[in-house]
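Trainee: Residues or ranges marked as compositional bias 'Basic and acidic residues' in Swiss-Prot: 48-62, 100-109. Marked as domain 'Collagen-like' by Swiss-Prot: 99-140. Under the heading domain 'C1q', Swiss-Prot lists 141-281, citing sequence analysis as support. The N-linked glycosylation site annotation in Swiss-Prot covers Asn93 and is backed by sequence analysis. What Swiss-Prot lists as region 'Disordered' is 34-68, 100-138. As annotated by Swiss-Prot, signal peptide applies to 1-25.
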Amino acid sequence: MGSRGQGLLLAYCLLLAFASGLVLSRVPHVQGEQQEWEGTEELPSPPDHAERAEEQHEKYRPSQDQGLPASRCLRCCDPGTSMYPATAVPQINITILKGEKGDRGDRGLQGKYGKTGSAGARGHTGPKGQKGSMGAPGERCKSHYAAFSVGRKKPMHSNHYYQTVIFDTEFVNLYDHFNMFTGKFYCYVPGLYFFSLNVHTWNQKETYLHIMKNEEEVVILFAQVGDRSIMQSQSLMLELREQDQVWVRLYKGERENAIFSEELDTYITFSGYLVKHATEP
């Protein structure tokens, strides 16, 4: 009973010492007392189990300075005072720390177009640029001139049909706008033209001609029957478009109708020229 009680007591003391942090200081003292008891011839009588338990409890009970109240019972599972007090860990305010600049991110999607702004002020005139190279030659422009003057040296008499007066003498025919074979002037330059017709009448015969525009009778040249021949003329201005035709027509022979001329002299003339081009203001 004595050795078993001592074992239980020793285990109880070790638990109390571990809990209170005094195990290292108390274990050698207990071992020394046991050696003294073993060296004596007569061992003291072991105290009662209850008394020894109270004595050990009083010896190893934590003092009031350690923070436990006197009225509180200490159990073997209660935590004791820590042998190594925790040190305060310094705190770092990460909001004041600035890290290194990161890599550039990927390009984002294009945003929507904003509202159109107001027009800015007119800028300053820039410096004069260098002279450019010469361009390619352009197309040849059309001539803005037209003129003709023709004559006839042969007399002409009417018959049962209308006759175009054909001229055999060319005085002026700029750019060949007057066709000597057909006896007609062809308009290649649109604009305002002046025309003049001069004839010599025949004695005792009527003179009856028209200046024609395309197939339209425009003006008449007329002379009644007379004992003497005379020079008769007619003139006018016409506005022509391209491809219009102007010519002279002898009236058909309801009555005897004729114009006089001879090989030695020119008695019949027809002239015309451009006064104003159509594109001119």
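Even glycines carry a Cβ here, placed using N, Cα and C.
Remember, predicted model here, so these are calculated numbers, not experimental data.
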Trainee: For the residue listed as 'N-linked glycosylation site', what is the secondary structure by DSSP, using just helix, strand and coil?
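Mentor: Looking at the DSSP assignment, the residue listed as 'N-linked glycosylation site' belongs to neither helix nor strand, so coil.
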Trainee: Which ones in the same chain are close to Asn93 (N-linked glycosylation site), with CB under 8 Å and 6+ residues apart in sequence?
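Mentor: For Asn93 (N-linked glycosylation site), no residue qualifies.
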Trainee: Per DSSP, what is the residue tally for the region 'Disordered' (100-138) in helix, strand and coil?
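Mentor: In the region 'Disordered' (100-138), the DSSP-based counts are 0 helix, 0 strand, 39 coil.
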Trainee: Can you give the mean pLDDT for the domain 'Collagen-like' (99-140), rounded to a whole number?
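Mentor: Mean model confidence (pLDDT) across the domain 'Collagen-like' (99-140) is 84.
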